[in-house]
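Features as listed in Swiss-Prot:
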BINDING   15-16, 36-37, W68, L94, G98, 102-105, V233, W466, A501, 512-513  FAD binding site
ACT_SITE  H467  active site, proton acceptor
Amino acid sequence: MTDTIFDYVIVGGGTAGSVLANRLSARPENRVLLIEAGIDTPENNIPPEIHDGLRPWLPRLSGDKFFWPNLTIHRAAEHPGITREPQFYEQGRLLGGGSSVNMVVSNRGLPRDYDEWQALGADGWDWQGVLPYFIKTERDADYGDDPLHGNAGPIPIGRVDSRHWSDFTVAATQALEAAGLPNIHDQNARFDDGYFPPAFTLKGEERFSAARGYLDASVRVRPNLSLWTESRVLKLLTTGNAITGVSVLRGRETLQVQAREVILTAGALQSPAILLRTGIGPAADLHALGIPVLADRPGVGRNLWEHSSIGVVAPLTEQARADASTGKAGSRHQLGIRASSGVDPATPSDLFLHIGADPVSGLASAVFWVNKPSSTGWLKLKDADPFSYPDVDFNLLSDPRDLGRLKAGLRLITHYFAAPSLAKYGLALALSRFAAPQPGGPLLNDLLQDEAALERYLRTNVGGVWHASGTARIGRADDSQAVVDKAGRVYGVTGLRVADASIMPTVPTANTNLPTLMLAEKIADAILTQA
């Protein structure tokens, strides 16, 4: 039985889904349905845990309230002597997705990222091809009149001006300048190494998610837009090799929804899982699970990217706490740094660091990640059950260059904190997982004296930064590993697109929120112009 008919059914109300729901429903003749498994987050009822933009760890202290419950993954690659335990992976399950729960840093990446996409077969996705969509999405409070920035988009972006930095932050900048890193001011228009006030998606001190920016009250009242939250897509409906709709569990009812086109925006773990359950993926894997093959696309679930990370923390001394309490609150948390490890001269700017001190938590921190990784992982289905999670292995540090980059990053941090401006605080730096920054780990200086212990610690404790991407990548039709074309259309079937971080050929040198906003804008434009 067919319950409802739409032109576009969007599966996943995260960052990308919010964009597409807005842009496609802007045309009154388009009947659009957005389906989200998690809760709604309307402007007048945003949970306080996710509203505070200056305390971005709060959602992670709320258990699985805003995340897919009990979703576990493997982070580190297999290695002799290293025990791998499944770890909880916080993937947003609420309107706005990752933009509602992750860090609020707004980073585009580097032009070379998108030129690389073009070289890998994503025609039209080079820097000049994506820049207009970065501009379209943003309302930059500091650089809105700059030709590289926008001043009229749905997402506000701002920074804490250096005039309002805390004394501790100023001391950190002095250490960085002594190490040869200049203030580049705008990380999204200057692409060399240096430090800067990070750009945030904030309105005042409030988080500004994609749902808040693209699904405000003026959009929600559109009669041609339907929003179903707390609803679970069970499967895609097919006729031959055509995708004709979705089966949805809504409350206690299972509904069959017909669509002219289905667009997957469920994220880099859930979107490929839906493809695989539909019979789109590596034929051998599908046969092994008894799933009829609709389209043999070996790249589905492969090419899984993530930024490897580690953290360093130290309890604040009395003087450090006092100095961290000055200036505007935002400046106490983070000072952004783009740096080069030197591991591979062909890929400079391969590290991204934050240095800060928070008088509320009583901790100084220096967290960083491999900004241009070389390791990739994969995901596979365990079974065909729509309620089962896929088996996910990020395979971090499988490429030895990434291990070298983490080591180099730790040595850079040691070098920065040894400068007189920071050394005066007498901070005892200890290792900590980025996913749960807390004191109590081994002292950094001790580990740096023992190469074997350092490597063992990194392989055991390496984290990610919730930047999963690449599992249904764009590419040319003759590329067996490509899953979608330049407009997000899935090869081998009709009526189906993917339009989230899954389609990234490589992970950008950036947090993935802004790139995901950009790509959703670009795919929406392609749909509306039928490119």
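Placement of Cβ uses the backbone N, Cα and C atoms for every residue, glycine included.
Overlay of Swiss-Prot feature records on the structure.
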{"residue": "T15", "record": "FAD binding site", "Cβ contacts under 8 Å, 6 or more apart": "G96, G97, G98, S99, S209, A210, D500, N513, T516, L517, A520"}
{"residue": "E36", "record": "FAD binding site", "Cβ contacts under 8 Å, 6 or more apart": "G12, G13, G14, G17, L94, L95, L227, W228, T229, E230, S231"}
{"residue": "W68", "record": "FAD binding site", "Cβ contacts under 8 Å, 6 or more apart": "A37, Y89, Q91, R93, Q270, Y389"}
{"residue": "V105", "record": "FAD binding site", "Cβ contacts under 8 Å, 6 or more apart": "P198, A199, F200, Q334, G336, N511, N513"}
{"residue": "W466", "record": "FAD binding site", "Cβ contacts under 8 Å, 6 or more apart": "Y89, E90, Q91, G98, N102"}
{"residue": "H467", "record": "active site, proton acceptor", "Cβ contacts under 8 Å, 6 or more apart": "W305, E306, H307, A501, V507, N511, T512"}
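Of the listed binding-site residues, namely G98, M103, the sparsest CB environment within 10 A is found at M103.
The DSSP secondary structure for W466 (FAD binding site) is coil.
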